[in-house]
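**Q** From Swiss-Prot, here are the annotated features:
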- His73, His75, His243, Asp318: Zn(2+) binding site (BINDING)
- His73, His75, His243, Asp318: Fe(3+) binding site (BINDING)
- Arg82, Tyr145, His178, Gln246, Ser323: 4-imidazolone-5-propanoate binding site (BINDING)
- Tyr145, Asn320, Gly322: N-formimidoyl-L-glutamate binding site (BINDING)
Amino acid sequence: MSWDQVWIDVNLATMDPSISAPYGAITNAAMAVKDGKIAWLGPRSELPAFDVLSIPVYRGKGGWITPGLIDAHTHLIFAGNRANEFELRLQGASYEEIARSGGGIISTVKACREADEAELFELGRQRLNALAKEGVTTVEIKSGYGLDTETELKILRVARELGKHHHVDVKTTFLGAHAIPPEYKDNSDGYVDLIINKMLPAVIAENLADAVDVFCENIAFNLEQTERVLSAAKAAGLEIKLHAEQLTNMGGSALAARLGAKSVDHIEYLDEAGVKALSESGTCAVLLPGAFYFLRETQKPPIDLLRQYGVPMVLASDFNPGSSPICSTLLMLNMGCTLFRLTPEEALKGLTLNAAKALGIEDNVGSLLVGKQADFCLWDIATPAQLAYSYGVNPCKDVVKNGKLVHQ
């Protein structure tokens, strides 16, 4: 056989649902890569003969290979920090109170408007490197810290540039509808007009976004405004998603499902009717335990209902300066299990196959299958559950992206 590389002495957590074993596991396995794709995988005993003198062979020393991790919800590009708000919350102020007093998102908006693209790029590069060291091979990055046309475009341009200069694939999301900027404080509908009539066309003209998101909440955008933005995005051919039911149940998830959104994110206050709507539309539920933890919330997402209705559950970092300044997907695996009571298998699926579904890229990445992109990680672990069980010592040994060894 003519391959570019072969991996032996490994176990595979394929996350292939057609394999009945937990994690879609194949133990005592091997895998071959050709032209950036997975060319063969299966039991080591069935590996076809190949020229060991001309094809590089990598020995996994009994470790586990998983698909490359996918962080499907981040706000990775921003300037400044909000440590002062952290102190205020510990003194009793709520996230909502801080936001209504001009803090929160708006304070980061000010810092991002003042920062240039070079500064934002370097900050983003450092954060992307941190995720990459934990096995992340695809990341979603949202705008939303500009809230004016110029700065929203600036953030999205930086995200696109990161994707061009880093081995991690970057999917971009336009989140102009993240908060009401101060200049539109008493005219939120006017700001929605600006998003639809000026911002969105400018984003599309430069091909800066793969999707559009809205923060549907009582401190941000109401249902009517949310539908206007998402409908405009959908009409332009972009994927849509929604921050919904984080602080209250406004019915945003049902709206997103009706419009065919790829995902609804946060969903702590989602009810059974909303879960049923997601199930019927095939919309993913993105769980963000980092924000739940950091804001010291008590209302948990309806995990049992999501299981009951078969809604794909995704885990993501929600890395951002205000509610989840936690740049770690491995920690999300642990938090998903300890805080939301996911199983380790559900958690890993939420950072691989289901995360790919949330971004609409599941045909190419998210599981180990012949013909899929060769994005995978070798972990120094005895069982896949260890990825969620223990945190602090990074067990990621090798990362392969598009068939190339990028981290060793």
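Every residue, even glycine, has its Cβ placed from backbone N, Cα and C.
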**Q** Validating a neighbour-count step here. Other CB atoms within 10 A of the CB of Asp318 (Zn(2+) binding site): how many?
**A** 28
**Q** Neighbour count, 10 Å Cβ-Cβ cut-off, for His73 (Zn(2+) binding site): what number do you get?
**A** 31
**Q** Checking the spread of the N-formimidoyl-L-glutamate site as listed (Tyr145, Asn320, Gly322): what is the longest Cα-Cα distance, in whole Å?
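**A** Result: 11 Å between the two most distant Cα atoms.
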**Q** Give me the CA-CA distance between Gln246 (4-imidazolone-5-propanoate binding site) and Asp318 (Zn(2+) binding site), in Å, as a whole number.
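**A** The Cα atom of Gln246 (4-imidazolone-5-propanoate binding site) is 13 Å away from the Cα atom of Asp318 (Zn(2+) binding site).
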**Q** Of all the Cα pairs drawn from Arg82, Tyr145, His178, Gln246, Ser323, the residues the record ties to 4-imidazolone-5-propanoate, which distance is largest, in Å?
**A** 20
**Q** I want to check the contact list for Tyr145 (4-imidazolone-5-propanoate binding site): same chain, sequence separation of six or more, C-beta distance under 8 angstroms. What comes out?
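**A** When sequence neighbours closer than 6 are ignored, Tyr145 (4-imidazolone-5-propanoate binding site) has His75, Ile77, Phe78, Ile105, Thr108, Val109, Ala111, Cys112, Thr151, Ile155, His178 within Cβ distance under 8 Å.
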**Q** Quick one: Cα separation, Gly322 (N-formimidoyl-L-glutamate binding site) versus His73 (Zn(2+) binding site), in Å?
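**A** Pair distance, Cα basis, whole Å: 14 Å.
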**Q** Which residues does Ser323 (4-imidazolone-5-propanoate binding site) neighbour through Cβ under 8 Å, counting only same-chain ones at least six apart?
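**A** Non-local contacts for Ser323 (4-imidazolone-5-propanoate binding site): Tyr95, Gly290, Ala291, Phe294, Leu295.
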**Q** Spatially speaking, which of the binding-site residues His73, His243, Asn320 is closest to Arg82 (4-imidazolone-5-propanoate binding site)? Use C-alpha to C-alpha, please.
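**A** Nearest in space to Arg82 (4-imidazolone-5-propanoate binding site), counting only the binding-site residues, is Asn320.
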**Q** I need the neighbours of the Zn(2+) site defined by His73, His75, His243, Asp318. Which other residues of that chain put their C-beta within 8 angstroms of the C-beta centroid, in sequence order?
**A** Thr74, Lys142, Asp265, His266, Val286, Leu288, Ala291, Ala316, Phe319, Asn320, Ser324
**Q** I need the least crowded one of these binding-site residues (Arg82, His243), counting other C-beta atoms within 10 angstroms of each C-beta.
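**A** Counting other Cβ atoms within 10 Å of each of the binding-site residues Arg82, His243, the minimum falls on Arg82.
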**Q** Cβ-Cβ under 8 Å from Asn320 (N-formimidoyl-L-glutamate binding site), same chain, 6 or more residues apart: which ones?
**A** Thr74, His75, Phe78
**Q** How many neighbouring Cβ atoms, not counting its own, are there within 10 Å of the Cβ of Gly322 (N-formimidoyl-L-glutamate binding site)?
**A** 25
**Q** Count the other Cβ atoms sitting within 10 Å of the Cβ of His178 (4-imidazolone-5-propanoate binding site), across every protein chain shown.
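**A** So the number of other Cβ atoms within 10 Å of His178 (4-imidazolone-5-propanoate binding site) is 25.
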**Q** Secondary structure at His243 (Zn(2+) binding site) (DSSP, helix/strand/coil)?
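**A** DSSP call for His243 (Zn(2+) binding site): strand.
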